[in-house]
Structure formats: C-alpha cells, structure tokens
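Worksheet: one structure, shown below.
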Amino acid sequence: MPSVFLSPTSACDGDHWGPHCSSRCQCKNGALCNPITGACHCAAGFRGWRCEERCEQGTYGNDCHQRCQCQNGATCDHVTGECRCPPGYTGALYGVRCAETCQCVNGGKCYHVSGSCLCEAGFSGEHCEARLCPDGLYGIRCDKRCPCHLDNTHRASSDGKRPQCPRLTFQEAGSAVGFMPAALVCRCLAHSPDIGPAGLLRDCHPMSGECACKPGWSGLYCNETCSPGFYGEACQQICSCQNGADCDSVTGKCTCAPGFKGTDCSAPCPLGTYGVNCSSLCGCKNDAVCSPVDGSCTCKAGWHGVDCSIRCPSGTWGFGCNLTCQCLNGGACNTLDGTCTCAPGWRGLKCELPCQDGTYGLNCAERCDCSHADGCHSTTGHCRCLPGWS
C-alpha cells in the first residue's frame, strides 16, 4: 500500500502531488514526496533533489550530515554508518561502552556483547585460531591442494617477513550493550594465529580454497588482475584517475596521460607547457596554440611551419595557408583574411576596376590636374594630351 504524506491542505498518496494530486512524484530510493510542492524528503543515506544520489564517501544518515568514523580503509554504510572492514581488519571493540578489544581471527565475527567468536567454516578454537585442514590443503576431507598463485597471494617470502592484513572480518552491530554507531574501528590481523611459523600464512581458506590475494589481484586463485578502474585489496577500490590516466592496480596511483597533471590527472597542462607531467616547453610562435599533449602548433591564420614562424607564401592566405588569393592587377593579399590592397590605379574588392576618370594613384585618391587632355594615366597621373597639345 503506498505511503501517504499528510498536510493540513491535502492528502495525496506517496506517488503524487499538486492540485488534485495530478502530478507524479520524481523521488527515488524511498523518499517522501511533499504533496504541495513535490519536493523530496530523502531517506537516510541519500541526497539530491530527487534523492537519486548516495551520501558522499565519508558521510551517512539523514541529509548525509553525519561523518563516518571508520578507520584503516574501511568503508562506511551510507545509511547506518556501520563500518565494513577491508581484508585483514576486524571491528576491534566489544562490551560495555565498547571498551574491550576483540580477539577473533580468520574471519571470525566478534559478538559485540561478550567478545566471543563465531568462527567461519574451516576454523575452530576460542579465537578461531585453529585451521581444521593442514597447511596447503583444503576441503571437507582436507584432500585438495590450495591452488593459489604464489606471486599474487599473501604469504611470507623466504626472508620470513610477515604479510599484511590478508583476511576480511568485521564487528556486527547489535543491541545497546556493545553497540557504538559509526565508530567501529578496524584492526590489522597480520599478527594473529592466522600466521604460521616464521610468518608463513596459511595458503588458502580451509573450506573454499579461496586465496588471500595481494592488492591488485583478484579471483578465487588470485590469477586475475584488477579490471580497469579498480585497484587495491580484492580490487574493490575505485580509481580516481581522469583523462585517460593509468591507475596502478596495487596503490591506485595515477600515471597521467600527456597533457595532464595532478594526483588524479584532472588538471590540464599550464599554458606554454605540454607532454608527460607537463615538463616540456612549447615552441610555438606568433600566438599559435600549443597542444598540451604533444606540443604541436596550430598556427593562426597567415602563418605556417612547424613552429608557425613562416608567413604564408605570396598568393595564399588563411589557416594553413590553404586559401588562394583572388586579388587582380598586382593587388597584394592580406595573409590573415585575404583582403586585397590594390596597386595604384586600381580599385574594387579584387582590384578588378581601374580608377574612375579624373582620379589616379593609390586607392584612386589623387585628382588629375590636366588641361586640354583626355584624362590622365590611372597609375602615374600623367596627362593624356589632346592632339595639338603637349
């Protein structure tokens, strides 16, 4: 049955608003619709004018006004603020005022009241520290060999160094005792019974055979690289790289494409620079535009050449000097816009017309000063004397 939003003046069902409830609400994700204005009142964990967006990372709750308190890379539930710990961390606290530290390992869940551990299948013991299968084996009968790709799987190298935080556990919220909203911290399990003698990690999960992948690897056997756009533990982190940058599958660090810089490669190269890390200086001349990617020059009209330092050849004009001048009778062509500057004695857009009678010279601006003559020469102004006159 649809929810009803009541006001002193109307009673539309939750999907309609306005006069006679004739307009359909646009609210998403369980938001309530104001029956008078149609404005959306978002449910906890959502925002936007239609409540179509989740709270930004690091916030949660009503109007996304509460700040998450999760630590060590844990993600925060956008509705409740509950922390979801990354592989190798667990909700660390239990008891009155969450003052006690949980000791569960190997994915065991810590009961928030007493701290007792609920072990995953394949593990036992007070703290889930005992692996039911011998190292390197898994399955109901412990008769299968762990199939993990060693180079991509968390286990100690020959120098005995401990691996870092391979498994995922978290503390679940519960009743009032031991529940501290949005403040469940995560602690590393690298120094736990999950680590064998000399720091050797158990090869795989004793029941499923699932491997504890190193950052940048995923899949049941840790033989799959992260999909483009993802990195880190279990390839669950979203890369922030922009503009075609490469994202390191382990750290998420961005390697910017030529023409961009910044931690997320969102900033274009400053004017006058180009290339990888914007480390090269442009060599373009005459106000040409320099490509931030490869430094190539886009010449302004009237110029050409690799660095735009050469004027268009005689008879050409425009971008790339690709247009042919139309000037006649010795007129000069402007290499920028193709306009004609006529030679003395000529006029018109293309210098196709001689000076009018009685005028001569540049732009036909001079007046002939002749007597007993049939006008003057349009270029020099020399009088064309009538017969019998000189």
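Here the Cβ of each residue, glycine as well, is placed from N, Cα and C on the backbone.
Bear in mind that TrEMBL entries carry predicted annotations, made automatically and left uncurated.
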- request: Regarding the disulphide bond with C342, report which of C351, C355 TrEMBL records as its partner.
  value: C351
Message: Candidates are C128, C133. Which one does TrEMBL pair with C119 through a disulfide bond?
response: C128
Query: For C51 (disulfide bond) and C351 (disulfide bond), what Cα-Cα distance in Å is obtained after rounding to a whole number?
result: 68
- request: Using C-alpha positions only, work out which of the disulfide-bonded residues C42, C119, C128 is nearest to C351 (disulfide bond).
  value: C42
Query: Can you count helix, strand and coil residues in the domain 'EGF-like' (94-129) using DSSP?
result: 3 helix, 9 strand, 24 coil
PLDDT averaged over every residue in the domain 'EGF-like' (94-129): 83
Field: Alpha-carbon distance [C42 (disulfide bond); C128 (disulfide bond)] in Å
entry: 42
Field: Cα-to-Cα gap, C119 (disulfide bond) vs C42 (disulfide bond), nearest whole Å
entry: 38
Task: Return the residues near C342 (disulfide bond), defined as same-chain residues 6+ apart in sequence whose C-beta is under 8 angstroms from its C-beta, sorted by sequence, else 'none'.
output: C327, N329, G331, G348, C351, L362, N363
